[in-house]
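Below: one structure, written as structure tokens.
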Amino acid sequence: MKSSMCYGVVVVLALFSLCVSATDPGSLQDFCVAAKNPNDAVFVNGLFCKDPALAVAEDFFLPRFNKPGVIKSPIGSVVTQANVAQIAGLNTLGISMARIDYAPKGLNPPHTHPRATEILVVLEGTLHVGFVTSNPDNKLFTKVLYKGDVFVFPEGLIHFQMNLEKTPAVAIAALSSQNPGVITIANAVFGSKAPISDDVLAEAFQVDKKVVDFLQSQFWMDN
């Protein structure tokens, strides 16, 4: 009787583990529409894998990540990526990095990473950072970071960093996806292609449509 009960428990646990392992894989891109015709199949969820026998050291290498990025954005920051687009060997490994250079008083504006949690360490400068939780609380968690400090931004939540000093700042971020993606809130809302209706945005933000039209007329630059 005892052995049959143990056997039953094992069977239940085995079935449970099968159910757990049957979940869909995490998304590595914004969407992946099923191709009914194999001839139409162009993209996969991620990237095709090279024959391991053909892999070389350069597939896992990115030079001069210590070189400061050139800041052209009026908001005063630039992000240098180190994801699967720059390092092919990151494919399927679920990790990437980014270097963020900040001009004096520069801002990495409110944005989200739809596919990754971010952990950031300050190399130089003083940063005011924060993230906002999801509805309905929309609670702000914020902190002033100094050289050597670390802060975590949970996956998908809106977050930001601002340089508080009159000198440049630098931070390095690690992200839990080979292709974390980024949605800069102002760019997405007011700089979408095609534009979101000003009626929609005026109602959503409870402002006059002239305000929306002005914001949509601005030049929204990716960071």
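Even glycines carry a Cβ here, placed using N, Cα and C.
TrEMBL labels come from automatic prediction, so no person has curated them.
According to TrEMBL, the signal peptide annotation covers 1-22.
Here TrEMBL flags CYS32-CYS49 as disulfide bond.
Per-residue confidence over the domain 'Cupin type-1' (63-213) averages 97 (mean pLDDT, predicted model). As annotated by TrEMBL, domain 'Cupin type-1' applies to 63-213.
Per TrEMBL, the feature oxalate binding site maps to ASN108, HIS113, GLU118.
The Cβ neighbour count for GLU118 (oxalate binding site), using a 10 Å radius and every protein chain shown, is 22. Feature annotation from TrEMBL assigns Mn(2+) binding site to HIS111, HIS113, GLU118, HIS159.
Taking Cβ-Cβ distances under 8 Å and a sequence separation of 6 or more, the neighbours of ASN108 (oxalate binding site) in its chain are ILE75, SER77, VAL79, ILE100, TYR102, PHE160, GLN161, MET162, ASN223. Put simply, of the recorded positions CYS32, CYS49, HIS113, the one whose Cα is nearest the Cα of HIS159 (Mn(2+) binding site) is HIS113. The number of other Cβ atoms within 10 Å of the Cβ belonging to HIS111 (Mn(2+) binding site), over all protein chains shown, comes to 20.
Separating the Cα atoms of CYS49 (disulfide bond) and HIS113 (oxalate binding site) is a whole-number distance of 24 Å.
Comparing CYS32 (disulfide bond) with HIS111 (Mn(2+) binding site), their Cα atoms are 23 Å apart once rounded. Listed in chain order, the residues near the oxalate site other than ASN108, HIS113, GLU118 are ALA98, HIS111, THR112, ALA116, LEU120, PHE153, HIS159, ALA173, LEU175, PRO180, VAL182, each with its Cβ within 8 Å of the site Cβ centroid.
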